[in-house]
Every structure is written in structure tokens, then in C-alpha cells.
Amino acid sequence: MSNISWYRHCSVRLQLVTLALFLLLGSASLGSAHIDEEFEDDVTTTISSIASPMRRTYTNEWAVRIAGGKVEEANRLANKYGYTNLGPIIPGDEYYLFRDDRKKSRSSRKTRSLSANQLQHEEDVMWMEQQVAKRRVKRGYRRIRRHTDDNDIFEEDDDGTQISKSRNRKHPDPNDPLWTDMWYLNRGEHHSDSTTRMDHNVKEAWDLGYTGKGVVVTILDDGLERTHPDISPNYDERASYDVNDRDNDPMPRYEFSDENRHGTRCAGEVAAIFNNSLCIVGIAYNANIGGIRMLDGDVTDAVEAASVGHNADYIDIYSASWGPDDDGRTVDGPAKLTRSAFEKGITMGRKGKGSIFVWASGNGGKDADSCNCDGYTNSIYTLSISSATENGNIPWYSEACSSTLATTYSSGATGEKMILTTDLHHACTNMHTGTSASAPLAAGIVALALEANPNLTWRDLQHIVIRTAKPINLRAGDWTTNGVGRNVSHSFGYGLMDAGAMVKLAKIWKKVDEQHRCRQFYPSRYKNIPNGNRLQLQLYSDGCYGGADENKVSYVEHVQAIVTLKAPKRGDLQIYLTSPSGTKSTLLTKRARDTSRSGFTDWAFMTTHNWGEQAAGLWILEIDNDGWDDAELVKWELVLYGTDRETGDFGGQHASPLAVRSVQMEATSSGTQYSIFHVITLVILTFSQILY
């Protein structure tokens with residue numbers, strides 16, 4: 001090693017020594033800075049939204065924020081400048097949607113008009129933005145051939161098997177003709193050992209009396225065939241809306257290819273009627289089911305916001321089986337209006353308990369995509385669900401990422417079974433596929449838990465999912481045990497969702513403490529990442545114990561690394577985050593198809609793998625550059641979400657070890673002696689690394 005390299009090597013280690021000495025003196029942690037409230041903005045903390053640059057399609061609609069949200073003022077301004085006021089994007093909010101009928105409905109160029117410029121400068125206009133049509137993809141993958149007969153409607157699989165809606169087959173408990181084929185709900189029925197069963201254990205939840213009654217679920221998709229006889233008794237018009245055509249009827253648009261079948265398929269998985277001699281049984285077969293038609297048209301920020309924010313005080317669970325393109329090169333997420341709708345749903349939905357957003361993790365496996373590049377599944381607000389095949393394998397379409405929370409069954413390779421559900425034209429199908437099929441199964445299971453305990457918050461439910469998910473029988477090479485003894489995988493999250501276990505825990509669950517957020521910045525910027533090399537940055541966190549009470553985090557839930565970096569080819573980068581407990585999360589994998597030179601701008605990579613671990617200690621960010629040229633890390637910050645006190649096995653909180661340690665240090669000398677010992681140990685370890 002050269003002298004220069006040796007000194008540089010020592011310099012990095014000496015920074016840790018300096019850190020230790022500052023800790024001894026009781027100063028704030030070196031290598032981090034507590035953010036003050038004055039730095040708060042609506043750019044990126046919880047939901048990432050910076051998209052890859054691409055050719056944009058501009059619509060003739062504008063989102064306009066009117067001070068006070070007064071409809072009279074919105075109408076006045078729209079009339080004054082020649083717009084049509086289409087009404088509030090979310091009722092009761094300040095954002096309105098204006099349309100300019102003088103312009104083309106779609107254009108590749110952004111409108112630069114005098115009227116738009118003048119409207120923007122009106123005193124009561126706080127913000128306005130021309131709406132862009134986004135590419136959003138349904139997360140099923142397989143096309144099928146359809147046939148009709150004089151009396152029956154059925155679908156044909158590749159091997160020619162037909163599934164009819166006729167009532168000519170009877171099955172006990174229930175008598176729905178396809179119940180015996182619903183392997184993901186009933187094949188573990190005769191296995192008393194819950195650790196070996198390979199289904200979602202819904203029968204146990206049903207036997208306990210939980211069927212989703214009183215819980216409202218809505219499907220955000222391409223429509224809902226509300227007249228389907230296996231759905232209509234549970235259809236709820238208050239949980240439904242047509243955002244595309246701006247009316248109250250979510251019926252899909254019928255066409256020859258039946259492309260708009262997706263929402264109806266998802267809805268049947270949740271709430272198809274029990275024991276009516278038709279098709280299938282929904283997991284939450286007594287739940288109210290609604291549909292938001294929003295994918296059959298231009299999907300803009302306003303469309304997404306109106307969908308995820310629809311009737312948030314009434315709807316309990318929103319299920320979404322779509323997202324940005326799973327092509328291995330897209331980086332995209334919700335924009336300003338949708339971020340606001342998510343945050344409002346979490347804070348105010350369900351009368352303050354928080355809306356439940358269930359999201360399909362994505363089908364980009366064949367293109368080596370990462371669901372951490374999807375700002376919807378990568379959000380702390382969504383319950384991101386992956387898929388497993390009937391044999392417990394990773395499906396070929398599955399995306400691995402650290403934001404996935406849990407798994408449900410879906411389709412797999414040729415010869416492996418798929419998901420059965422309702423279909424258009426009052427039909428049934430055995431060919432629902434991909435993570436599209438996984439998210440509604442999860443939504444149905446969550447509905448059972450909500451019936452067992454309607455007072456659960458959105459975070460309570462995530463805690464319950466993590467504590468009850470089963471890793472047994474799911475095959476992945478990356479299963480690891482985190483710092484609190486829970487098994488977790490990038491492909492399966494914490495494992496297979498277990499309906500029986502969830503309702504039993506939900507019944508006795510005590511509400512967790514309010515969520516705290518600790519933001520800490522890496523102190524220096526513009527770190528070079530040479531090609532073929534790894535950049536490693538160490539950031540010590542004290543859980544923000546030197547700041548305001550609402551920022552103190554002792555036990556983590558979600559963790560984010562918010563990263564801004566430049567790269568000649570974004571897909572050549574890999575990013576890892578290691579916690580003080582030693583749990584290593586893969587935040588970003590190589591994506592060969594991602595040739596973008598845009599890098600990342602304030603992109604919030606999220607991991608759930610540290611759930612329950614202690615926040616305080618050394619966090620390590622590593623960035624591998626396998627490209628042909630240097631990359632550069634501009635900045636990064638660590639965001640820890642969690643609580644000041646430990647969450648118990650049945651909810652509720654225990655005292656924080658950091659708080660106890662703080663009291664001991666103030667009251668006795670033993671606490672100080674412990675800190676001195678801790679610092680001396682750190683110094684010795686540091687110098688040993690230098691000498692090595």
C-alpha cells in the first residue's frame with residue numbers, strides 16, 4: 001500500500017475516533033444532522049416520485065390549487081380564462097381540475113398559452129400544473145382465448161380445459177363449483193401442523209367467524225362488472241367511481257379483446273359470494289366490494305390522486321395491481337397530487353386510523369427489474385405484496401426488493417396452477433396471474449383482520465402482517481435473520497400471509513405508539529465512485545435523541561436511504577444498506593436494460609428488513625459501480641421511521657432502552673462508566689482496523 005493510500009485509509013478510520021470522542025462529550029452525533037421543521041417540503045421523504053426522463057404526453061387538463069378551496073372562486077377563475085372547471089380532484093380539497101377545450105386533448109408539447117400564464121399569476125392560485133399522461137401497467141401477464149356458447153360463457157386454457165359458469169357441479173362447504181380447485185385456500189385443510197401447510201389458512205379465520213363483514217374494499221383498476229352474479233350482492237356503490245368518465249358507474253368498457261377484465265378478476269378474489277353455486281369463493285366473502293375505474297384512459301397525477309383518495313373515510317382497503325412499467329429501466333412513482341392523497345389517506349382516512357393501501361410488487365423479473373424503482377411499492381404507506389408459485393418457488397416474473405412486506409400465492413411456470421376468480425360477462429376463469437392476483441388475496445386477508453379488530457391503524461396492520469407471515473415452504477436463496485430474529489427475504493418479504501394467525505393476533509392487538517421520524521444527513525457531498533469499485537459510507541445514528549420528541553426513534557419500522565447520484569449508466573449501480581444489527585438490505589440491483597444517464601434525484605430507497613431493530617448505531621451505505629466510467633454520489637440521508645418504545649408481541653409499547661440509558665446516565669455514575677467503556681472499545685476497534 002502506498003503512503004498516500006495508507007494515509008487516506010487512516011483518515012477514514014480517524015473520523016470514527018473523532019465521532020467516539022464527540023459521543024463521550026455528549027455532543028450530537030458526527031456524520032449526521034437533525035433536520036429542523038423549516039426544511040420540510042413536499043418533495044421526497046415517504047414516497048419517491050422522480051421519474052426517468054421520457055417522451056411526455058401532455059393533456060389539455062390542469063390541476064389548480066385554489067386558496068381556501070372555494071368552488072365559487074374556482075368557477076370564477078375558470079370562466080375568466082376560458083377553462084371548464086371539472087370540479088375538485090378530491091372532494092373537500094383545494095385542488096381543482098380545469099380543462100382547456102381550445103387545446104388538443106393530447107400533445108407532445110407542453111402548452112405555453114397566455115391564459116395559462118395569467119391564471120398562474122392570480123392571487124388565489126397557489127399552484128398549477130398541466131397534467132401528463134403516465135404509462136401505467138396492469139400486473140397480470142398472460143393473454144387468453146375467449147369463446148362463447150348459446151347459454152354459457154367460458155374461457156379456454158392453452159391445454160383446452162374449459163371452465164363454465166353453469167351450476168352443474170355441487171361441492172359441500174361451500175358448494176361453489178370451483179372451490180375444490182382453489183388450492184391456495186384449501187390444500188392445507190388436512191394438515192394440522194401450521195408450519196407445513198401450503199395455503200393461506202383462511203378456513204381457520206372463517207371458522208372463527210370472520211368473513212370480512214362490515215369491511216369495505218375497493219379495487220383501483222380498469223372497472224368492475226358490478227352485475228356479475230358472484231359479485232353483485234356485495235357490490236357497494238359508495239366505494240365505487242368512474243374517474244375516467246367522471247360518473248358513479250365503474251362498469252368496464254367492453255371490447256372484443258376483453259382487455260378490461262382485470263378489475264373484475266381482482267374483485268372476485270376478495271369478495272365473491274360464498275355457497276351460491278357459482279364460480280369461486282372470495283377470501284372476505286361478506287365484505288363490501290367497490291371498484292374505481294381509472295386505468296381505461298389517460299392516467300394522470302389527478303386521476304391517480306382522485307382514485308387513491310376516493311371516499312377515504314368510508315373505504316377501508318384500496319387494492320392496486322398496477323404501477324409503472326416493469327421493463328427494467330423505468331424509475332417512476334406518484335407525483336405531487338397523488339403523494340398528497342396518500343398522505344391524507346394515511347393521516348385522515350378511516351376516521352384517522354389510516355387507509356390501507358395494498359399494492360402488487362411488480363412483474364419485471366424477466367427484465368431484472370427492481371420494485372424499489374417503483375415509487376408505489378417502495379412507499380412506507382403501501383403494503384407491498386409479492387408472489388409465490390404453488391410449489392413455493394420464486395415466479396419467473398417476480399421482482400426482488402427490500403420494500404416487499406409479504407407474499408401470497410399466484411401463478412408460476414408452465415404446469416403450475418394459477419388463481420381462480422370471476423371474469424367479464426358473468427364468467428369464471430382459472431387463469432388470473434402475476435402479482436396482479438397476489439395483491440387482492442392480501443386485501444381479502446387484511447379485510448378478515450380488520451373485521452376482527454376494526455380499530456387497527458395502517459401501521460398496526462403492517463406489524464401484524466410481519467409477525468404472522470410464514471417463511472416455511474418458500475424457497476429463496478437469500479433468507480436471512482434480522483436483528484430481532486425474524487426471517488426475511490427480498491423475494492418474499494417476511495413470508496406467506498396467514499389469515500388465521502392474523503385474525504387471532506388482531507383480536508388482542510394493542511395500538512402501537514404514534515410514528516416518529518428521524519432524518520439524518522451524511523455530512524459531505526460529491527463522493528466519487530470509480531468504475532469497478534465500491535463506495536462505502538458510514539453514518540452514525542443516535543435515533544435523533546438530541547432533537548424533538550416526535551423525532552426520537554429507538555425501534556425502527558421502515559428505513560429509507562434518500563439518494564441523489566449521477567451515473568453514465570444507471571443500471572450498472574448496486575446499492576446496499578447495513579443496519580447496526582448487521583442486517584444487509586439490497587436497495588438496488590443491477591438492471592442491464594437501464595441505460596439512463598439520469599441517475600437518481602432524491603430517490604427514497606426503502607427497506608422493511610430492519611423492522612423491530614434498534615435505531616442507534618452505525619449504518620453503512622455501499623454503492624457498487626460496475627460500469628465503464630465513474631459515478632458520483634451527490635448526497636444521501638438516512639430516514640428512520642418507528643417508535644421511541646418497543647412494540648410488544650401483542651402490540652402496545654415497552655420502555656425505550658435509549659430512554660432508560662439516558663435516565664441511568666443522569667442519575668448514576670454507572671451509566672457514564674458504561675459510555676466510557678463503549679467509547680474506549682470503539683477507539684480500540686478503530687485503531688485495530690487502521691493497523692490491519
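Glycine too: its Cβ is placed from the backbone N, Cα and C atoms.
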From C279, C518, C544, partner that Swiss-Prot gives for the disulfide involving C428: C279
Cysteine paired with C371, where Swiss-Prot records a disulfide bond, from C373, C401: C401
One of D316, D325, D326 listed by Swiss-Prot as binding Ca(2+) 3 at the site of D369, E399: D326
Swiss-Prot annotation of region 'Disordered' - which of the ranges 90-109, 130-149, 230-249, 250-269 it falls on: 230-249
Extra residues within 8 Å (Cβ to Cβ centroid of D326, D369, E399), Ca(2+) 3: D327, G328, G362, N363, G364, G365, D367, A368, S370, C371, C373, D374, Y397
Most Cβ neighbours inside 10 Å, all chains, among the binding-site residues D230, D247: D230
Cα within 10 Å of D242 (Ca(2+) 2 binding site) - qualifying binding-site residues among D176, I273, N276, I280, G323, D326: none
Per-state residue totals over the domain 'P/Homo B' (512-646) - DSSP helix, strand, coil: 6 helix, 73 strand, 56 coil
Beyond the flanks of the region 'Disordered' (230-249) by 6 or more, those residues with Cβ under 8 Å of it: 86-87, 216-218, 223-224, 264, 267-268, 271-273, 276, 278-280, 282, 285-297, 303, 306-307, 310-311, 314-315, 422, 426, 428
Candidate with sparsest Cβ neighbourhood (10 Å radius) among D222, D242, D249, E304, D326, the listed binding-site residues: D249
Spatial separation of N276 (Ca(2+) 1 binding site) from D222 (substrate binding site) - C-alpha basis, Å: 26
Residues in the region 'Disordered' (230-249) grouped by DSSP into helix, strand and remaining coil: 6 helix, 4 strand, 10 coil
Binding-site residues near E399 (Ca(2+) 3 binding site) (Cα-Cα within 10 Å), from D230, D247, S361: S361
